[in-house]
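Pulled from TrEMBL:
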- 10-44: domain 'F-box' (DOMAIN)
- 89-165: domain 'F-box/LRR-repeat protein 15-like leucin rich repeat' (DOMAIN)
Amino acid sequence: IIGSNRDSGIFSFLDVVTLCRCAQVSRSWNVLALDGSNWQRIDLFDFQRDIEGRVVENISKRCGGFLRKLSLRGCLGVGDSALRTFSQNCRNIELLSLNGCTKITDSTCNSLSKFCPKLKHLDLASCTSITNLSLKALSEGCPLLEQLNISWCDQVTKDGIQALVRCCPGLKGLFLKGCTQLEDEALKHIGAHCPELVTLNLQTCSQITDEGLITICRGCHHLQSLCVSGCANITDAILHALGLNCPRLRLVLPLLLNCHELEKMDLEECVQITDGTLIQLSIHCPHLQVLSLSHCELITDDGIRHLGSGPCAHDRLEVIELDNCPLITDASLEHLKTCHSLDRIELYDCQQITRAGIKRLRTHLPNIKVHAYFAPVTPPPSVGGSRQRFCRCCILL
């Protein structure tokens, strides 16, 4: 029986929906269920279409200093005004997700800076009005920041990154996917001021080069996860620096040498990667399970041969993506036939791969899923003399 403050702790284990239902049972339950101490963690993603600014304001008044974690991911109706009220009322907030809240601007970060000094995790992904001013504000008022996601905030430049990292030395996770104005200078600031960095996502930051990444390697020795997918200026040269300086690297793009625990590697669209990378992978990464080489146009059968004979091949490798690798032929499939754990292979737009080659692979790996494109043979002219045109077809073999 729940009927006293002593028993109200039971409500702290309930989710938002259950708490609201309990509040309708009776007056006493209403008081207990709506007590701010029960609302320390709130995720409103499932109600995103219904959440407006006034809802956030009411929640902040109800929870006050009790609230530690709030997710407003996808709540398009929430803007700066509501978040200012929230910041004033919930000054102990530690984790805040505003992912996809496209109405917010730098004003929200100014409010967080003024009132929320305990903030540790902030997600601003796809908040495209965010600029360098937000990062400067956060650096001044949120020194405990450990994780920041500003993916697709494409107005951010090296100046904002510099201001942020100089005053937030405890940063462990930076997600900069789609911040297309960032260049090597921004990475130099990160490398110089983020010794605790564990995760760095630079996907599609197309201006960065080996030079910038080398400074990351030298300054961020705790790095475990690095994504540079879509960074076309990255070459094999970075692998040596990663291996020497970042031995903890586990989930990445690129890495190696000393990274013997590596399980996943995504090199999609790193168009300057060569067979040399696969040779190093085959030697140094015996636990490799997933490898993406999509659009790595310099990869050849010889690189796959080394991979197929490496220690990961026989029992570990589960997925390999080779779509849009034009130099790959049926010979590569022969090199992979001893990969007994191989579950899936992507071969879209590998023009030199044939049905016969795939059939031979399946005699050794009967359960493998093969995704490939084949252009159907154009049929002979019809009676009227015209040819029917066929589009390319996607076939799951």
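One is the number of the first residue shown, and numbering goes on along the chain from there.
Glycine residues also receive a Cβ, built from the backbone N, Cα and C atoms like all the rest.
A TrEMBL annotation is a machine prediction, not a hand-curated record.
Mapped onto DSSP classes, the domain 'F-box/LRR-repeat protein 15-like leucin rich repeat' (89-165) shows 29 helix, 9 strand, 39 coil.
Within the model, the domain 'F-box/LRR-repeat protein 15-like leucin rich repeat' (89-165) shows a mean pLDDT value of 98, rounded to a whole number.
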